[in-house]
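Structure first, commentary second.
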Amino acid sequence: MASILSLLRRERLWTFHGGIHVPDEKALSNGRAVETMPLPKRLVIPLQQHIGATARPVVKVGERVLKGQLLAQAEGYVSACIHASSSGTLVAIEPRPVPHPSGLSALCAVIETDGEDTWAELPEPMTRYAQLDTSEIRERIRWAGVVGLGGASFPTSVKLNPGPDQRIRTLIINGAECEPYITCDDLLMRERAGDILAGARIMHHLLGDPRILIGIEDNKPEAFEAMRFALAETDMRGYTEIRSIPTLYPSGGEKQLIRILTGAEVPTHAIPARIGIVCQNVGSAAAVADAVLEGRPLISRIVTVTGRAIDEPRNLEVRIGTPVSDLIAHCGGYRERPRKLVCGGPMMGFEIAHPTIPVTKPANCVLALTEVEAPDPGPALACIRCGRCAEVCPAKLLPQQLYWHARAKDLDRVQDYNLFDCIECGCCAQVCPSHIPLVQYYRYAKNEVWAREEDKRKAELARMRHESKQARLERQERERKARLRQKKESLEAGPGKSQTDQDAKKAAIEAAKQRAAAKKAAAAKAEETDDA
Amino acid sequence: MSATLVCSPHGSRPNRVDRVMQEVLLALVPGVLAMIWFFGWGVLINIMLAVAVAVAAEAAVMLVRRRPIGPAIGDYSAVVTAVLFAISVPPTLPWWMTLLGMLFAIVLVKQLYGGIGYNPFNPAMAAYVFLLVSYPVAMTTWLAPDMLAEHAVSFTESLRLIFAGALPSGVEWDAISAATPLDEMRGKLDQGMSIAEIRLSPLWGDFGGRGWEWVANGFLLGGVYLLWRRIITWHIPVSMLAALAVAAGAFWLLDPTTHPVPAFHLFSGAAIVGAFFIATDPVSACTTKTGQIIFGASIGLVVFVIRTWGGYPDAVAFAVLLMNIAAPTIDHYTQPRVFGHTGNRAKP
Ligand code: SF4
Ligand code: SF4
């Protein structure tokens, strides 16, 4: 009877189109507890570890900094603060290679650590946050530099501020972790389930009491149990549900997970908040709990170091800024020369050239793949139009058509075929029997489209500048003529000077008013084109 | 294309064109064995000849186009084309016709359009139709299935038939050849005979043409294997066979004296092999799922129409080619709704 009831109660799950089963390889690294990585001699902390503007440094080279001290202030709304992850001397703020698909360098703060690991003075814990103003809590989360830790790294405080006229009905906590190999969220759920729930509860408060859905792929039974156990201890049960979802890549994609758990489709080019849903990664939830309940900024994260080329794969609690090479050394180094070193998972991660690059907030995995795990796919063959790519595409695109048009550089057609709905999950390339690097073509096409838009915008700006210059010159000419005329008139009128003086003043005021109005109009116009 | 050298995904990729083609070849084995069993060594000789010519032609074209030969031959696509062609033509076809057909298929239909992936038509079927139109007699002279022939043609006799056009000594064509069941059906219906009378013919087996039904079963087995291995999906074969069966069934119900049972349509000609191995050729078929269903069903209907009212006894090749022409258009109008979109599609 009880089981029938529980069956009835079991909430319905939806499916999304496509997706693939890939060997998950999670057993390589999920066997032992998270270990804390020792303090490195030098921390290289990038000032942009999030989507949005680079944070503005607020410390000077040569200064002694403390653990948890603010290094760089969020600059603009979509941005995140950056903190020192240990105490020491700030020896440089300069461009260094950072983990980024482009392999480019970016501004980093370099700290020579002193080994003391002294904490800075931290803000008061907000244990009674429910009585506080939500903006105060949000400000704290913003201060703590919390971003999406699942890989997208969108500033969490922004996501938790959907605006007054957007009612959020569902908060989804993403524990799906669908990429093969990666197990950091799995371990986090096993070891810190309570903190994740505490963070979820804070978010629940901030978002105006939505229901909470937690999705966990069914290849993580321990994590599922740990979370369920932790939930039973809280008073959140009334509005929180943990659901086990089938293992299928990419279930952890935001839009896919929303679909699985709620059946809703996020409209194209819209954020989930549009349909009343906010989705947060389990790591972000725990970081929110740290920030609000402990006053601790985000200065470390769990990183999975794995792949068959690593001697002892495992999960490490790593300070932001630790070089990747240290992590590998800590895991016993290489067992076999890796053919590829990847940051992130095998499906969506990017290859890293220098193992000296530092760990950043979104870096969930360091993957050293052997020749067998990542063999050279060989030269791409011609597309045989088999349609497998379309069968697996979770965005329901026609990857083959996208490929044809991207290859032909037909930027209008790729957009007609909804290129920008592609989430670059790599399913299509994974199943393509011709081994065509499809995702590469899509990224290339996206970049081309962006470049073209940028060119257009620039041209438009130049045109506007030219026009306003023209207008200014004309106006000046008009004014000059008017002054001349006035002078002439006043000369002709002879005395009665005071009268003309007043007139001239009036005229000047009038002219200034006109100028201001013209400026306003020009600004308004510029804004319009910016928005477009 | 800009050189972002390394791009996700990074793991090993399980699928490969050559493996796909190898699976197709493997799946053809039971049907081919049945054919050899019922129609003699000529089938095998044709296959070997066609494969040799196709591979040589592919290599020659690559040489002329200054492209690497290895990958082009290594993908086995020419071999698949050759085998499909060889099992479609009569087991006694003169060698030079096979040669001509394969040159036509590989050089004109496949490579002139840019090689694998670019050909709008199924090369094997295009070659078949080309020969059927040019040499209708040779292309419709079939051997009788083994148990009905007065004289079983041996291996050496097959060789001499194919390469020298010489009949076995003391044997007339009549002794070894027979109309195909579909041919027989048409001919006798045209003479005003009823189905019941035609069924008395020894060419009738249990549910299709004698011998032919077992060949069809062999290909059916292979087709199920392809489905199981996920080399093909059900959409095209099922919709094609279903459409053929439904159309045949409807007419049979209306008038069973002039329309054979649906099973006869399915198991007497090239319907089964066509459904699983020919219409499913990814290059020239539809790619969207809805499109594939329309594509398959249309082939089934066209087959029925040509068989019943057209000028040829079997029509799978014609039907496939006809629908190849329509495939891009069907694809265009059957694009799936993109995730998160409400009903907007790519503009024409
Ligand atoms: S999977 Fe590859 S070969 Fe097949 S249709 Fe897609 S791009 Fe072409
Ligand atoms: S990478 Fe893009 S096109 Fe390919 S399967 Fe994923 S969403 Fe579809």
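Using N, Cα and C of the backbone, Cβ positions are placed for all residues, glycine too.
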| request: From the ranges B:45-64, B:125-144, pick the one that TrEMBL records as transmembrane segment. | output: B:125-144
| message | Among the residue ranges B:25-43, B:291-309, B:310-328, I'd like the one that TrEMBL describes as transmembrane segment. | response | B:291-309
| Of the stretches B:95-113, B:211-228, B:235-254, which racks up the most C-beta pairs under 8 Å with the transmembrane segment (B:260-279)? | B:235-254
| message | Which residues of the chain, 6 or more past the ends of the transmembrane segment (B:125-144), have a CB below 8 A from one of its CBs? | response | 39-40, 42, 84-85, 88-94, 97, 100-102, 104-105, 108-109, 153, 173, 176-180, 183, 278, 312-313, 316-318, 320-321
| Around B:Thr180 (FMN phosphoryl threonine), how many other C-beta atoms are within 10 angstroms of its C-beta? | 22
| query | To the transmembrane segment (B:235-254), which of B:71-89, B:95-113, B:211-228, B:291-309 is linked by the most Cβ pairs under 8 Å? | reply | B:291-309
